[in-house]
Structure formats: structure tokens, C-alpha cells
């Protein structure tokens, strides 16, 4: 019977219920504000999971949902409940955590279902696995170890009557935890009226709530177990107790219910109690009222079953009070002598096929059930209610009680049972739960018995097929379908086609499947060798830090891997220990080479040295290390003690440090892998909240407790951390010399065997304590310089400007200071507030934009700094593989595009406001560097910024916007205005210059930039070139070109994204054989060429133009000797370019210059800007010198090439572009 909807007002939705008003001062409450403010609030907040066993770091938008789901334990918490909520101001954290994990939809560990949500480290499925053991085992109070109950003289089976006075009270912070707190199956709606009546009887306080239990056919015993201890730990014992109880008291039950239950039914009733009972087909699975009555007698306490108000008023047995009528009342009391208080369960829907428990809330008043909701007794006389339930004066009763099982005891009990589970099954229950989560639930397989999952998990571990990701913690299985390995299968056929006849003495490797197989000739199948096979990537997050798992759930670590053990004294700053050679260390070792020479034999070995361990016994002992090395390579050698002493001396020399903070650990890939659930150390959390010390792409120091990153990002973090320490050491000349690799001298005072007590450097331990009087700020200029500045808490705006001026030699009036995310300008204080401190926090980053009127001294310093940073950047990024750099660039571009979309802007409009993206370390800078390399004047375009061409400026070490008609412009928010102003000015100049230089304004012009063509009709149909903008031919700056180079062929390759020019060292570049009909190349933009038919030109018109060009060239060749002789007397050398310009302009009307030439000519210059400084003024000299060296035969077959010159066509619409130069 369906329940009609409740009358208005409408009930609050289950997730989440209305809570107390939030305080405006809280960051979390600010995040929950709605309306226009909510839409404009683009802040990103972070906080820690409040579960003490989890404490994962969570990131969420301020304008997002008011409840946050933990990515580690799966619980959902209100924002007010998160610990250490603070604003994240760094864009890198936002991109790599919010966008990558939430908006990008990157595959990660699957969302945890209700069975696997962990509270205090325990999930429902974990408890279900341990429940059968708890039915037979107890815990020895003295040893804390599990012991058989019969060995403790407590019988074979756990007596559930011992829980008769226990009651679970849920913690307020867990009320809304999915899978543990409030039930989400619809019971809140179905039981609304009933719960409202209970609420009114308890002074309008919500003190009795329905909580979740899994619907797996054991919901009644799950509900009772949760009502008793809060966990589903005792469902198995309750079923066995119930079955035993019915068997022992069957005669009394048959006599009591002979009018209602036939004698033949009792066998089925008892069988249904069995934990492994499987109902016949067509019979509904579940326990009935008679079983609830039996459980009340087992527990020696009443059980009250509630329903909706309409159900309770109906004539059906939908609600009842089940009394322990077969048990004497004096045995239904607790240790205090009072009657055991009833527990309460209810139906969750009108289908009445699922039980849920109703429990009280810890810290609130015990819930009271009013008299009008107390159902009638079931199966026994009504007057027994007063005998078994203590009624209040108003006729109601208290539910549950306050004798709860302590969490500490419960966890000890679980730990003891886990040991038994390991002994019985050879696998840890948490690993079985993970197998169920990742291999069954994710594929939609439900209803699989825990025994089957346990067996499957155990076999996977024994076969070495289980792997765990160190990043997201997900399990992955190396599994290959058996049919692939049999004849006709994918791998079988591949092996046979590659190797021919398969042999039993060979192994066959399949790298794409991460599999190594042997051949079984008897069965004619391939047999996987999982011991030699290794999974290379996580199936969920695709991270490469994947390790095999043992049966006890431990991970088979490799040297350098970060473990789950906390570290309090590590210099690396990650807060966790590292695995090395079977032990866990606070730090990674330092590595240095050593050479052993003995008996004419030379051996080179690497020594791994531990020196800063909090446990001094783990520090390396120089004599032990030396002895092991000598014994390893020269075992049993007589007199090797001398070699040992030599090795000791060498090691002491290598490990002696002048600076105690010199710590350069070995670089291990994945050693500082970012993981979900990492948190800051307790020392850091005990301080006042500080910003996360994560600065920009070039200088960021990633906090490992707060990020979930890919392999590329982790590697960059490690390398940039090293770079930051190097840059700090540049401040003194002495440390500069050490950085360049000068040999360190041994100082006896610095030789030590024990751990160092010196504190870690700030960059190595970004979370190290800083005094409240100082704050360190990372400053980056738009020309690539950077520095860490220490400010006092009282530093004002003008004092900050002075600090910047001292550090970077930038006058205050040229400083534009930006901070925050998105970057906003830090304005000078208003009148009367000059003494106010600047609103910067410890760890913030600010960017200095240097205004245009920058002094020469500042430019010189910038160039020097840019050069220095560039060299260090090469040293850092040189360690990364090209694949990793490509992956990093793709991820950052993807994040940038999504963030721009969220901001409501296109990518260019958003990116031009972030100039650092076009500077060293920025994403566009990195893409160009990775794709084509960096060379001064080299042009490129990006697919994400259509219609924009960029050029590399080596002096400033940045990319600039290239506008053919106007020049190069530094990227900034106002770059579009600068371009418009420059284009307008150039157009005006171009109009005048164009009309003066040629009386004919045809389709082709020859100016100082070469031949240009009007493209007003076709230009909008041309796709911009997206490859490299290399220089064409010889880009020599000398106007007197090599005569031999002029005889080489034209460099012509149709460019599809690769270099279409040869290097200047090649003397015979490849020739492009042009076809007059369809293979003509026309240059339409810097680095852009296209076919003639693509431009839709008339072939006849082009042929006519080609002939005119041939006539022009022939005329020039015939008159060249006379022209050179008369040059000095008839005209000045500077008149020659103008005269040739007029000739070409009046003769050549359209078409491509190179197809009209009888010979091939080398090309000079490259995709340079139209207003770049070329050798225009020396054209005459170049022509004179060049033609003077030619022989008469050469004059008949070739023409002098012209240098690149500027050209503007006043009649072109909006733009002009240079053609290839001849």
C-alpha cells in the first residue's frame, strides 16, 4: 500500500538537513552563500576530513555544494565540519586538484558505495567479513589477542545476550555520512509523520533517526546489530543464536503459537535463521515477525517495530512490540539491575521489505517514544509490556539507553579478529573488501557471497596478479582472458605469427598487455607467468606508481617509494617515510660514486648514504659500508684492510659538509608521489592556519599532503624543489661556487656519523614553522626573475615597494604589483592608511609587472636574470623525458581551456591576462620549447589560440605576439589595445610609402619586405600554419652573401607542422619540383604556404604573370654589366633598390615569384616581422658585391637575390604579409 505524500510544509531533503545558522566569519559558511554572490564567488577552499582515521585533504569550490564527499573514506561532510578550512590562492593547486579530479572527469578510483564507506577505518563490508569469526572467537583482555570462546570457557558460540544492555548512539558529525548515518532509501519520507510525532514528544528535538543498513538479505540482523553496537559485526552471531534458540525452545514456541503457525512451518522458520540459507526459487528472502520475537528473547530485551502512521493504524501486523516473554523478567536486566531498554527498528518503505534501525544521537537527550506510538505486544498478553518495559509517567518509554560500546574497544576487537581471518584465509579482510569494490561492484556484479570474493582475492594474490596504485590507492588486476591464450586467441596468434613454432623453453613477452607467457605443448596454450609480468599503469588514475600486493595487504615497495608511515624528522618535507633496502627511513639517501682499486682491478660503485635519521641506528656507518663494498667485490682478499681504510677515507671526504643544510637526496621517480588522503603533519596543523606554499609553474613547491598528481607533475615538483634551493644559494658568492661544482674540502669539525640536528631548508620542508612576526613571499617579475623575500607582519605597501626595488632594481613608480588568484592589482593605500600592513600571507606569491618606461639598468639586470634562470631551467627540465613534458603540457592546456570556459571567456582573452604562461616555465613557452626549440625570432602558432602568431624574444626570454603589420608585442591584458594603436599608425605610414614607391598599384608589389600579394578575398579561407616558423635558407646577417650559396636550389617543402627549411650549414638543400598546374606554393603568412589551386587562381592569369616575370628577369640580366659600370657615375648606391622596386612593381602583377624564375635561388631570412631591423640600407652594397663575383655564364643563368625588405600595400584590406624572398 503506497503512502500518500505528507501535507505541506514540505519536509527537508535528507542530504543535508537544515542545521544551525552558519557564522558569516567562517570560510565554509561564506562558501554556502547563494544568489548573485554565489555565482561570482570563484574562490577555492581546502580542508581536512574530520575522521581521525582518514584526515584526507579536500579541495572544493566556494560556490559549490554545502557538503563535501571525502575522496579517501567516502564519507560526506558538511563544510562546517571540515578541519582547517582555508582559501587556496595558487592557480596550480586549483588546476591540478579541482579541475583534474572533478571537472576534467579524469578516471580515478571509483566512488565508494555504501558498503565501502569507511568510518574510523571500518567499512560495512569489512565488518561483514569478520562477523563469522566473532561468532566463535573472543578477545583476551590481557593480551588483546583473539581466542576461541571454548578455550575461554564461554561455550562454542558467542552469547548475544551479553549485548542486551548495549545501545548505539551516533556521533553528530556522522549523521549525514552516506552508508553509516541517515538512511537514504526513502525512509525519511515514508516515516515522516512518525518521526515528527517522536520529535514533538522530545521537545521538538531530533533525537531518534533512521540509519543505514545494507539490503543484502540480512537486513533484520544488520539492523539489530547496528542498534546494539553501531556496526554490522554481529549479524552472523545473531542468526546462529536465533537458530540455536529456536531449536532449544521449539516446544514452547509451538505451544505458544499453535493457533497461528502450523507445526510443519517450524522447520522452514529455523532453516531461515541459518547464515548461509538460500531460499527456494520464488520464495521472498527475509526474516519475519516470528524471528523478531525470537531475537527479543535472544537479547533479553524488547524490540519495537515502527511503521508509518497509516500503517500503525491499520489492522495488519506492520508494527508491534516484541517482548522477551519466554525469558524471566529478572534475567532481562543490566548490571545496574534495571530493565534493559528496548531497541527500535522500522520499515523503510510501504513495500515493507527492508528493516532499518532507529538510534539516538550522542550528546543529546535519550530519545523517548510517546505512549500513542508504543505498539501493542505481539504474541503475548498486553499486560506484559509493563513487566518488561519501564514506562515513564506519561506512558512513554526511553529507547536504547546510554551504555555504548567504546570505539577504542571496538577497534581492538576488530584488529584481533583480523589476525584470525588472516590465519584462516591467508589474506587480509581489507584487501578482500578492496577486491569486492574494484573488481565486482564496479562491473555491476552484486549478490556475490563474501566467501566467493575471499577465494577470488586469495587466488589473485597467490598468482601475483594484484597491484595497488601508490597514488589513488586503487587495486588493479593483471588479468588476461583465457581465450586469448588458446589457439585462435589474440595473443596466441600474435606469438605464432611472430615466432613461428612455439617452444616450451622460451618465454613470450607481450608489452602492450604487460604479460610474459610460456608455452605448454601438452595443452597447446600459452601459460601466463605473472611473477615476471608487471602492471605498468593503474587502471583507474593511470598513474605509473603501481606495486604488487601481498596477502596481508602490504605493498611490495621498491627502493625510494614513499610508504604510509608518518615521519616527523624528514628533511625531504613530505611527512612520510621512504622504503630502502627493506627498511623505512625518514629521508631518501644521498648518492655519490666511489672507485675501488685492488690488485690491478678497478670497480666503480655507488654508495647510498643515510645521515639525518631521527633513529640514529638507521644512519649509515662508514666502516660497515666500506666493509660491505670490499667484501662484495673483493671477497677473501688478503690485506684488504688497507682498501677498507681507503674507502672509509673517501666516504668521509664525500659526506663532510660545510653547510649542515646541504641535503641532496637521490632522485627516485615516484619517491614523493602525491596521494589522495595525504595531510600535513601534526606540527604544521597545530600552528595558525597558513597558505599552502604552492607557487607558480616555475617555482612551485608542492605540498605532498594536499595533492593528487600524475607522474609528470610529481617529477616536476621534485626537480623544481631542487632548483629553488639552488637559486637561494646564489645570494652569496661562496655558495655560488659550490653550486658550480667546486670540490668540497674535508673539515674535521663537520664530519659526523650521527643525525644532524640542523633544521631543514625552507624549500625542502615547505611546511616548517615560521615565526608569526615574519612571512616569506615569493616574488616573480614578468621578465623571468624571481626571489623569496621575507617581510615583517607590519610591512606596509611602500616598504614592500622598497624591498622590491632593492631586490630587482625596479623603481617603485614602475612597479605594478599583482597577487591572488585570479591575479589582481595590489593598490596603494588610501589617505590615512599608509601604515596599514599589506594583505599578504606567508607563502603567497606576487607578480611584478614592469611598466614600459623601464630603465636601461633594469633591462640589463633582467637580461642577466633571464639568462641565469634559463640555464637552470634547462638543467631541471632536462631530466624529464619528452613524453612526460608532452603529458604535462597537454594536462595544463586542458585545465587552462576548462578554466577559461568557467570564467566565461575564450582561451586568448583569459590567457593574455596571465603573462607568465608565455614566459619561461609557462605552458605556451614549454609547448614551443618541446615542439620546435627556442631560437631568437622563431615564430609559432598554437591550436588553442587561433589567428594568433607568436615570436620568441631571446633577450627577454619570452614569447611575444606577432602582428605582421605592426610588430611584436609583450603579452599582457592591454596587448590588444597596443596592437590596434600600432596597426593604425602603420597603415597611415604604409599608405603614404606605398603610393610614393610605385606608380602602379597592381596585385603584386615589391617593397623592402619582398613581394606581397593582395589576399582580401581569400585570406579568411586559409587555415593558419600550426607548425614551426624556422628561418628559410641562410639567415646570415652579413649582406655580402656567399656566392656558392646563391647557386643552390630553392628550399621548398610543403609544411605540415615540421621544419620546411634546411640549416645554414647545408650547401645542397632538397629541391621542390614545382608543377605549373597544381604544385605552385604561395606564402600567405609567416611560415604559411599553400598550393595555387587552394587559392582558386585563374591558371591563364598566372601563366601570363609568369611570362611577365621572366621578361623582367631577362631584362635585368641583360643590362646588369652596364648597370654596374654606370652605377658609380649615374646614380648613388642607395638609388638602386628604389629603381629595382619600380621595375618589379610595374612588371610583375601577380603569381608566385619562384615559379616564374628559370633557375632556383636560395632564400634568406625567415618568418621575421615586417618591421624588424634588416639590412635594407645595404641592399645596393649587397647587389654590387654579389654581381661582381659572378662570371658571365652565371649572369646568364641566375639573378641576384634580394634581402628581406619592408612592404606595405595601401589597398590591402586589414593585413599584408610577406612572400618568400628571392
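Every residue gets a Cβ built from N, Cα and C, even glycine.
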Going by Swiss-Prot alone, which of 1119, 1146, 1198 is annotated as phosphoserine?
1198
By the record in Swiss-Prot, which of 131, 998 is the one labelled phosphoserine?
998
Among 544, 650, 763, which is the one flagged in Swiss-Prot as phosphothreonine?
763
Candidate set 118, 386, 408, 523, annotation N6-acetyllysine, source Swiss-Prot, matching residue:
408
Among 569-620, 673-724, 725-776, find the range that Swiss-Prot records as region 'Disordered'.
725-776
Averaged over the domain 'OTU' (208-361), what pLDDT does the prediction give?
90
So how many other Cβ atoms are close to residue 219 (active site, nucleophile), meaning within 10 Å of its Cβ?
23
Please report the three-state DSSP label of residue 219 (active site, nucleophile).
helix
Far apart in sequence but close in space: which same-chain residues, 6 or more away, have a Cβ under 8 Å from residue 354 (active site)?
185, 215, 219, 347, 348
How many other Cβ atoms are found within 10 Å of the Cβ atom of residue 216 (active site), counting all protein chains shown?
18
